[in-house]
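Encoded as structure tokens, here's the structure I'll be asking about.
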């Protein structure tokens with residue numbers, strides 16, 4: 001059965017697009033035609049250029065547009081735990097960019113001096129003295145210390161700079177030398193040296209220039225020191241200097257690499273425009289990088305369109321960063337469209353392009369597409385680097401294709417790329433998920449034999465693997481080694497351990513770890529709490545009295561868990577080892593579980609931890625397992641106090657309310673549409689499961705048909721086949737009724753059905769009993785109950801088949817329509833919606 005719980009990185013709602021008028025569009029297919037943004041005030045900050053270069057290609061609209069505001073409005077359900085990587089590894093906008101040698105103004109004597117200095121045993125000071133009379137000012141010296149810096153010879157570079165400054169008598173030339181040296185040091189991450197050069201230049205009277213300040217801001221930006229860059233910017237203005245385009249670009253770049261929110265970048269951009277400084281391509285590339293780090297897909301799309309309108313050409317860095325924002329926002333299909341547009345504009349995708357989209361596919365669970373991109377990458381002659389190989393290896397490992405994963409590992413080594421910690425972490429995680437614990441131990445030993453130091457992720461992965469496998473003694477030993485290494489646990493470490501215990505049904509132990517991490521000053525995040533909510537929803541064996549609601553965690557008997565202040569984690573693991581994970585079933589636990597869920601949600605709200613789509617799906621799963629309709633209704637009613645939009649929709653649909661709720665639901669579905677397909681399908685699966693479970697079958701069918709209309713599930717049905725692989729049981733049952741009603745309309749329209757009709761469920765290869773998947777059982781039971789003439793195919797136990805003639809005859813029987821039309825057990829959604837469900841002959845196939 002398809003999981004109704006999406007990946008942990010996904011947010012329930014993405015950032016809201018700006019309420020701007022339509023911008024001129026490229027031939028670029030952008031999604032979200034159904035978006036209905038919330039009303040909130042916006043400022044106008046981007047001005048239309050007077051004469052756009054491409055006005056003939058992209059004519060302006062008939063009315064004057066108000067361009068997007070750069071002030072971001074993040075959703076209440078944004079992902080606080082997304083594991084996004086730094087944008088500096090994505091766009092590579094300024095670092096290592098090839099320079100055009102034809103523009104160099106240095107003389108041949110500078111090259112001769114560099115050659116002499118590179119000889120073994122050469123006295124660099126003597127070389128400088130020898131060539132002093134021949135070197136032509138700051139250009140030659142800048143060439144020398146730039147080349148020395150590129151070779152990592154920083155001592156020689158600094159000596160060359162100091163020699164040049166002493167030789168030069170003109171203040172403006174000294175300032176040029178200082179600015180160049182600061183820039184070179186900044187590009188190479190030598191921020192401390194850059195600070196010293198700047199401060200000395202200021203003290204000596206030649207550093208108080210726009211260029212020197214801009215160079216230092218850029219140096220901070222390259223290393224991600226946003227606050228320091230902003231501080232220098234303020235000092236610069238206080239000194240009476242007017243920032244230029246380079247200054248503003250460097251500062252916006254610092255926002256992207258230093259983790260500042262988009263609001264700060266937008267303020268800088270607005271100031272830039274107010275001061276009459278017009279943005280260029282680097283400006284927009286930097287703004288897109290900020291969007292990438294913040295996950296602001298809609299904002300990035302508006303910026304990209306604004307570049308087009310202003311006639312600013314995009315380059316490979318623009319597209320790579322734009323792709324990264326799309327993939328971070330779950331817009332994988334749009335990423336493919338962007339890559340197609342690159343080809344159309346003769347901008348060839350490079351290693352960064354492919355790696356970005358491949359990671360996006362892997363994150364969205366589209367692993368087959370990720371693998372095909374690797375093949376495409378190789379066919380294009382693009383060499384895979386360490387990051388690419390590690391990503392490919394991780395994909396194969398997660399699919400359980402270990403021969404392929406090991407083959408990739410061997411290929412890496414044949415290309416001269418040794419396995420690193422990331423490689424081993426991927427292998428440990430992949431083999432661990434498949435329960436291959438002997439191989440996990442072998443790999444860990446091999447890793448240490450290669451003199452690779454395990455990092456925090458290595459240890460958290462190993463402990464998580466052993467906990468899920470019930471190997472508590474192994475988990476203890478790994479944790480003790482982790483402590484001996486002097487590593488400090490973080491929120492990710494604790495969250496992985498808590499998730500592992502929750503998946504074993506050991507919520508009481510995970511709750512103790514929750515207490516432990518808070519005592520250590522580590523605040524839980526949305527992933528931590530989602531694991532606990534999901535555990536309460538999946539099991540009724542947890543004890544959580546109402547007295548403990550405000551404390552979130554259940555009270556655990558002293559006889560069961562006794563922990564000292566020395567190390568609670570070791571105590572927990574050792575007691576689990578002794579008890580062999582004995583966790584007896586408790587009766588009447590459902591109501592206590594609901595109180596715990598409410599308590600967890602209340603605590604999240606108190607700590608300002610924003611729930612995401614996983615939270616929502618976990619709560620709906622818990623509702624589906626409630627012992628009564630009243631309990632589920634009570635839970636959602638209470639949660640409406642925290643968020644009426646999301647839980648109000650779920651509660652309204654559960655209660656079978658009228659059109660007003662459905663209108664609100666459509667607005668919520670518009671937001672879900674902006675997610676990646678796996679996240680969106682998990683949302684629909686969880687919601688329909690809850691509605692179907694409590695007899696709101698008409699509402700479940702409305703939701704599932706809306707999901708089909710929005711193409712949440714790809715290639716769901718045709719006239720001859722209904723594919724339910726990606727659906728939960730509730731969604732699949734509702735879809736079967738809709739499909740059969742549609743088939744009935746074909747029969748009554750006088751058309752013949754295909755010779756063979758199929759319903760695909762999969763055969764439960766991951767179930768405890770192979771061939772006995774929950775989805776297959778649910779559909780088999782449904783078909784039997786309604787008398788549908790489908791049988792399990794002999795050659796495929798995950799496929800139900802029948803002939804078109806037999807199904808047509810059954811559909812013509814007098815009682816068939818009555819069993820196919822779904823009705824709610826409680827009040828209906830209203831005559832309009834009911835009419836849409838019962839009149840499915842108009843539904844296109």
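Cβ atoms here come from the backbone N, Cα and C positions, even for glycine.
Whatever TrEMBL says is automated annotation, not expert-curated.
OK, TrEMBL features for this one:
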COMPBIAS  17-28  compositional bias 'Low complexity'
COMPBIAS  29-56  compositional bias 'Basic residues'
DOMAIN    722-811  domain 'Smr'
REGION    1-71  region 'Disordered'
REPEAT    209-243  repeat 'PPR'
REPEAT    244-279  repeat 'PPR'
REPEAT    280-314  repeat 'PPR'
REPEAT    315-349  repeat 'PPR'
REPEAT    350-384  repeat 'PPR'
REPEAT    385-419  repeat 'PPR'
REPEAT    420-454  repeat 'PPR'
REPEAT    455-489  repeat 'PPR'
REPEAT    490-524  repeat 'PPR'
Cβ under 8 Å to the repeat 'PPR' (420-454), counting only same-chain residues 6 or more beyond its ends: which ones?
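Same-chain contacts beyond the flanks: 386, 389-390, 393-394, 396-398, 400, 402, 405, 409, 412, 461-462, 464-466, 468-469, 471, 474, 485.
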Can you count helix, strand and coil residues in the repeat 'PPR' (209-243) using DSSP?
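When I sort the residues of the repeat 'PPR' (209-243) into the three classes, I find 26 helix, 0 strand, 9 coil.
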Given the model, what does the mean pLDDT over the repeat 'PPR' (244-279) come out as?
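That stretch averages a pLDDT of 86.
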Could you put numbers on the helix, strand and coil content of the repeat 'PPR' (244-279), residue by residue per DSSP?
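Residue counts in helix, strand and coil order: 27 helix, 0 strand, 9 coil.
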Please count the residues of the repeat 'PPR' (490-524) that DSSP assigns to helix (H, G, I), strand (E, B) and coil.
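Across the repeat 'PPR' (490-524), the residues distribute as 26 helix, 0 strand, 9 coil.
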For the repeat 'PPR' (350-384), what does DSSP give as the number of helix, strand and coil residues?
26 helix, 0 strand, 9 coil
